[in-house]
Amino acid sequence: MKLLLLLLLLLLLHISHSFTVAKPITELHALLSLKSSFTIDEHSPLLTSWNLSTTFCSWTGVTCDVSLRHVTSLDLSGLNLSGTLSSDVAHLPLLQNLSLAANQISGPIPPQISNLYELRHLNLSNNVFNGSFPDELSSGLVNLRVLDLYNNNLTGDLPVSLTNLTQLRHLHLGGNYFSGKIPATYGTWPVLEYLAVSGNELTGKIPPEIGNLTTLRELYIGYYNAFENGLPPEIGNLSELVRFDAANCGLTGEIPPEIGKLQKLDTLFLQVNAFTGTITQELGLISSLKSMDLSNNMFTGEIPTSFSQLKNLTLLNLFRNKLYGAIPEFIGEMPELEVLQLWENNFTGSIPQKLGENGRLVILDLSSNKLTGTLPPNMCSGNRLMTLITLGNFLFGSIPDSLGKCESLTRIRMGENFLNGSIPKELFGLPKLSQVELQDNYLTGELPISGGGVSGDLGQISLSNNQLSGSLPAAIGNLSGVQKLLLDGNKFSGSIPPEIGRLQQLSKLDFSHNLFSGRIAPEISRCKLLTFVDLSRNELSGDIPNELTGMKILNYLNLSRNHLVGSIPVTIASMQSLTSVDFSYNNLSGLVPSTGQFSYFNYTSFVGNSHLCGPYLGPCGKGTHQSHVKPLSATTKLLLVLGLLFCSMVFAIVAIIKARSLRNASEAKAWRLTAFQRLDFTCDDVLDSLKEDNIIGKGGAGIVYKGTMPKGDLVAVKRLATMSHGSSHDHGFNAEIQTLGRIRHRHIVRLLGFCSNHETNLLVYEYMPNGSLGEVLHGKKGGHLHWNTRYKIALEAAKGLCYLHHDCSPLIVHRDVKSNNILLDSNFEAHVADFGLAKFLQDSGTSECMSAIAGSYGYIAPEYAYTLKVDEKSDVYSFGVVLLELITGKKPVGEFGDGVDIVQWVRSMTDSNKDCVLKVIDLRLSSVPVHEVTHVFYVALLCVEEQAVERPTMREVVQILTEIPKIPLSKQQAAESDVTEKAPAINESSPDSGSPPDLLSN
């Protein structure tokens, strides 16, 4: 009986256990499991709303059916989630929509998602999912309409199994690491409308089977892919295609004429490829075209006559090709044309005279061609023209008076032509004007600046090398915002007006090669931001004003070839910022000072003044003070040499004895850990990390290892380069490390501890899982580093450097600022790293300690070449290079030809004008807020100014970066349409955006 009862009890336990195991996971438990798999920001609504006090149908992102029992939609986009995606999401059987876009979710995509048979919409874009695509999804998700995996870390070949999803209408696989060829079976989807494989590592030929997707409306295959050959002619079979983007993917050959069959196409982007031959006439058959960009190719021949049929065209970019011939007259008659950019070709003939008469023209850039004739008279008839660039042609005639009434105009660059006549008198009164470049022409007349209002945005006026004459009006003092005023090489006469002292933003003043007379206006010294002053080759007379010595940041002063008299002010010696002067060929007299800054100037700065005396200029006459030093006798010199020899021998003996004692001491000395916070590991744990497999970086300062401590904490261990015994502790090395260990700032990599045995030094830092900015930006994933993230990194790194320069005690100069020394944590937050070359500022604000070379190639400030000194402004220059990297996506050196770095390249491309940033912007970036990029580019140009004193401080950099100008929504929309022209843009802030990165037109 007992045995029977025991068996019965065991049977009941087994049945109970079976029911427990078989009990299905409820949808509530599935959601809670999903929540537990995420790492959630403390401010996330998931923490506040996802709790058991309310029904799960009311939780953030959860939508249920009418019965309020089953989840039908789960949208957790943009909630700053990290962690992994739990496979329990598969226990939401009626789920139709799953969107986790714009988070930081990692790990593989769970194959269990294939059990969600009702799923229609799956959006996992803008995360960090990795691994290969699970083929199980293709067999289970038979009702799937939308699959968006854009911008993840998925690898392997493009999944062929996806062709089983016959209901698919939208497929976005762009921005991953997919490799191999586009499968031929990708031409078999019966109802597909959107296909994007851009931004991967695809190779091979574009399969002709793509032409079978007759329902396709949008096709994106460019950016980072490297296809063989060109476009297949079958592309012409995509009769429903509206947008086609094949930019920057290595295409060659000619554009197939079959493309003319795409009668619904409104956007065609084929820029940055290697297309050759002539532009096919069949493009003119696509009357629906609105935006066409064929720039940065190798097209030859003329603009096709068939383009006259493109009546809807708003954007036409053909710049940087090898096109020639005349610009057809019909270009000027296109009724909708807003953007026309034909620069850097070989166009000849005249500009179509009707250009702009449609009243819609916004951007016109015809620079660097061989155009002749006159300027069209009505380019601004609609008062919408913002940018007018005809730089570097052979244009003649006068500047149309209508431009003086073009209130929308912001930039006018018509230098290096043969223009004559006078400058329109209203030009400088235009309210939005920021830049006027009319240099190297034959303009005559006076400077048309009246007492009326001028634009406060007018920052640059370049009228160099013309035939302008007359005196400068007093109203020149109304140019309150001008930073560069270049009037050299003209025939201006009269005195320099004292009102020039009101130009408080002026940094560069060039009045050389004119006929100015009278005394130098001492009011110039009130322009406290001036760094460059050139008044040479005029008829100026009188003394050099003593007030000039109060210009604290002046770098360059040229007063040569005038009629100046008197002595050179001795106080100029105290102008520490002054690095170049020229007083030659005047009537100056007296002794040239030999102290202070004068010790840096050579005799060529003073020649041509017969009454000057001093070094290199001959002895001073009677009555002129000069010091007389009796030369040393031969006996005294011999005694000095013998004394120095004896001291050297004594020093060598002492050094040998000291080295031996240090060696013996180090052999007996064990490893010693200096901790800068509470640590749960020892030096032995750190030493265990010093393995070849753990190396994550090598540099001049040493080797960096990734270390895992006993409790699982990750650290970065920097083993400093081997030094001679004890040398690492010379010059206050220990004190420096102690100081670094005390630094606590959100945007500076934290030094946790320091291990040393007097032979080897190990610095233990917090670990940054996303590596360096340089690795990310210049690696394949750089294209997925969105503008918002780039701006955030720039601002955070600036804040870190600002702390070192202004708030740290003692103040620190980094000395090696570069993108590889800006590290990114798991949230892509920036941290300034690597103080291996840093030295501490003294109270005087200058660095007295020098290393062999301060900085890395491409980042070194130009003044280092002749001063061999670094200070905060050297760091500012290097940071400016980092900003240019973020904007252009290019490395500092190696991409621009021998001897050309990124700063020189950017200057040549943009002429140092911030509004030309679109000519150098990273082609991998999606559409961006142009005013923000322009603002950051402006900051970069300030940082890389050649003269150190012209650069802002890091505190000013932070302030300027945070003060991005806001523009009204209407203007922002207008600006975006002006630049991208209905390009397939992706809104970075939108988690559901399905388009791949588009290319800014400039």
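Each residue, glycine too, has its Cβ placed from N, Cα and C.
As given in Swiss-Prot:
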REPEAT    118-140  repeat 'LRR 3'
REPEAT    286-309  repeat 'LRR 10'
TRANSMEM  637-657  transmembrane segment
DOMAIN    690-967  domain 'Protein kinase'
COMPBIAS  989-1002  compositional bias 'Low complexity'
For the repeat 'LRR 3' (118-140), residues assigned helix / strand / coil by DSSP: 5 helix, 7 strand, 11 coil
Same-chain residues near the repeat 'LRR 10' (286-309), Cβ under 8 Å, at least 6 residues beyond its ends: 247, 259-260, 262-280, 315-328, 330-331, 333, 336, 341, 981-983, 999, 1001
Roughly where does the domain 'Protein kinase' (690-967) sit in mean pLDDT, to the nearest integer? 79
Helix, strand, coil residue numbers for the repeat 'LRR 10' (286-309) per DSSP? 5 helix, 5 strand, 14 coil
